[in-house]
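Features as listed in Swiss-Prot:
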type	residues	note
BINDING	43-46, 180-183, 203-206, 272-273, 339-340	NADP(+) binding site
BINDING	Phe130, Ala131, Val132, Glu133, Ala134, Ala135, Val136, Cys137, Asn292, Asp293, Ile294, Ala295, Thr296	substrate binding site
Amino acid sequence: MATNQAAWLTKAGNDLEVGDAPVPTAGPGEIVVKNAAVAINPLDTHMQDVGVFVQQWPTIFGCDVAGTVHETGPDVERFKKGDRVIGHAINLVTGRPQDGAYALYTVVPANKAAILPDAISFTDGVVAPFAVEAAVCVLSLKEPGVAMPGVSTPALALPYPSLDDPVKPLGKVLVIWGGSSSVGSMTTQIATAAGIQVIAISGAHNFELSKRCGATEVFDHKDPEVVDKVVAAVQKSGQEFVGIFDAVATPDTYTSDLVILEKLGGGHLAAVHPPPAEVPSNVKAGMIFAVNDIATPVWNDFVTPALESGKIQCLPPPTIVGKGLEAINEGLKRCKAGVSATKLVVEL
């Protein structure tokens, strides 16, 4: 008989407390995953610190799981008990504790999960789920939605990634600021698989990672001439400039983003935090909200074969913080302190 434990958040600002939790059951369109690894995202630290998106207390949060299918819902056909999977847990939308990653067993929507190839470990695979859905939300929404009150989502209306090798070039170029971050790395890979040229901005020591993800050129964010160099690279590409995805999203990066956009005649500014309140009329700015069924075809048809072929890789690589639910607090602390070109992972 399975028993469940979870790392509970009882109040904003508290450390997580490991305690018993009910073993969840899978409803229609759901699977229950027996977690072998979970990952830490910056979003999780905000949920811990200020309770953003928390709908009931105590709660279980966390977005990334990898493990084996424990149970499938009555209408689920893509998965069976024992399958190795990765999944995007969506407690931040549902508010239900059983939908949080930081537990031994988690409910995951079947349309936000994929079979993990045998050649990929759980600790590698778990870096991908949240980033996959976030990347699709950066690139493929056709109409602006609501990210939070008063802030719309971006709508770049770009096509889904393709398994074709080589993929047909789309004739478009996208700049990604923060190319070595988790979402920046995956957006680079998903965009490249859609035939979009990516020019990345990252730390000088992370150039190789951005290039592994598919960026054709990478520029140092500390270079005082980075804005002019990026503008020149876009112009030299001869491609249609789509805009910028800012995976760092600070006042300093926004200042540079807007100069780049001004010099290139405008475009989209998609960001991981609320964008500047005032932007020029030729700039369409939005904040991504990384839970959207726009990603369903990518989960259903692309993720597993793309992982098998190497079309997408589990990058940036994981750093294992520790083993057991107790280690999640340490992971959250390290995430707040800042990491570069890695994703923090806890084994269970």
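The backbone N, Cα and C atoms fix where each Cβ goes, glycine too.
Feature annotations (Swiss-Prot) mapped to structure.
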residue : record                 : Cβ within 10 Å
Thr45   : NADP(+) binding site   : 17
Phe130  : substrate binding site : 30
Val132  : substrate binding site : 30
Val136  : substrate binding site : 27
Ser180  : NADP(+) binding site   : 29
Ser182  : NADP(+) binding site   : 27
His205  : NADP(+) binding site   : 11
Val272  : NADP(+) binding site   : 21
Ile294  : substrate binding site : 16
Val339  : NADP(+) binding site   : 17
Sparsest Cβ surroundings (other CB atoms within 10 Å) among the binding-site residues Leu43, Ala134: Leu43
Protein Cβ atoms within 10 Å of Gly203 (NADP(+) binding site), excluding its own: 17
Where His205 (NADP(+) binding site) sits in the secondary structure, as DSSP reduces it to three classes: helix
Most Cβ neighbours inside 10 Å, all chains, among the binding-site residues Asn292, Thr296: Asn292
Pairwise CA distance, Ser182 (NADP(+) binding site) versus Phe130 (substrate binding site), rounded so that it is a whole Å: 9
Distance from Asn292 (substrate binding site) back to His205 (NADP(+) binding site), taken between C-alpha atoms, in Å: 33
Rounded inter-Cα distance in Å - Ile294 (substrate binding site), Ser180 (NADP(+) binding site): 24
